[in-house]
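J.: Take this structure, written in structure tokens, and hold onto it; I'll ask about it next.
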Amino acid sequence: MSFRHSITGVILAGGRGTRMGGQDKGLVLLSGKPLYQHILARLQPQVGEVLINANRNQARYSESQLAVISDLNNHFSGPLAGMQSALHHATTDWLLFVPCDVPAFPLNLVEKMFNEKEKHLACYACDAEREHPTFALLHRSLKTQLDDYLARGDRKLMLFMHEVNAKGVIFSPESGSFANLNTLEDSRNWELQQKES
């Protein structure tokens, strides 16, 4: 996958974790290691380098030896704020974003999105059930457009995807799961499923 060196992977771990009782989602232990490390293990082989977007506990994330970037504002403005920060830090033309709470996303995520983007500057993952815009491939030239979008006070990720004419890339259930772990109960259930399989 020679194209992978032109792509920076970004783990979005900048949220408040309100449904996790205020815990930092990426640092919740899952099978004995922080959730973000499960994400990293799936993402790292698919991209040239990895950044972590986090707005608290940066020192803990830095233990991974990866660059940790915070939102340009400190208002916990959602995934677009993390995407904006990463676009400003980008050294590659393409950035692939993944949330920190989906430990079984497809192992062919980057390859499929990159190969199916056609001439689009943005694309996002879909499955048979719905769209998953936090799994997004963005060209760094979209930085100014995203700056302007956020400056208007807009925060809706899917609305931004429509604004930049992003393409939805459909994944089959066999390739992986986009189910996210929103609560501690979700995490416990996931661990049980892993032990049973």
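Any Cβ shown, glycine's included, is placed from N, Cα and C.
Copied straight from TrEMBL:
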BINDING   Leu12, Ala13, Gly14, Lys25, Asn53, Asp71, Asp101  GTP binding site
BINDING   Asp101  Mg(2+) binding site
DOMAIN    9-158  domain 'MobA-like NTP transferase'
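Distances, neighbours, how buried they are, the whole picture for these features please.
T.: According to DSSP, Ala13 (GTP binding site) sits within a strand segment.
Note on Asp101 (GTP binding site): other Cβ atoms within 10 Å of its Cβ, all shown chains, come to 27.
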J.: Over the span of the domain 'MobA-like NTP transferase' (9-158), how high is the average pLDDT in this prediction?
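T.: Averaged over the domain 'MobA-like NTP transferase' (9-158), per-residue pLDDT gives 91.
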J.: For GTP, with binders Leu12, Ala13, Gly14, Lys25, Asn53, Asp71, Asp101, what's the maximum Cα separation in whole Å?
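T.: Roughly 18 Å, rounded to the nearest whole number.
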J.: Which residues in the same chain, at least 6 apart in sequence, have a Cβ under 8 Å from the Cβ of Leu12 (GTP binding site)?
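T.: For Leu12 (GTP binding site), the qualifying residues are Asn53, Pro79, Gly82, Met83, Phe97, Val98, Pro99, Cys100, Thr134.
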J.: Check Asp71 (GTP binding site) against DSSP and tell me helix, strand or coil, would you?
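T.: Once the DSSP labels are grouped into three classes, Asp71 (GTP binding site) ends up as coil.
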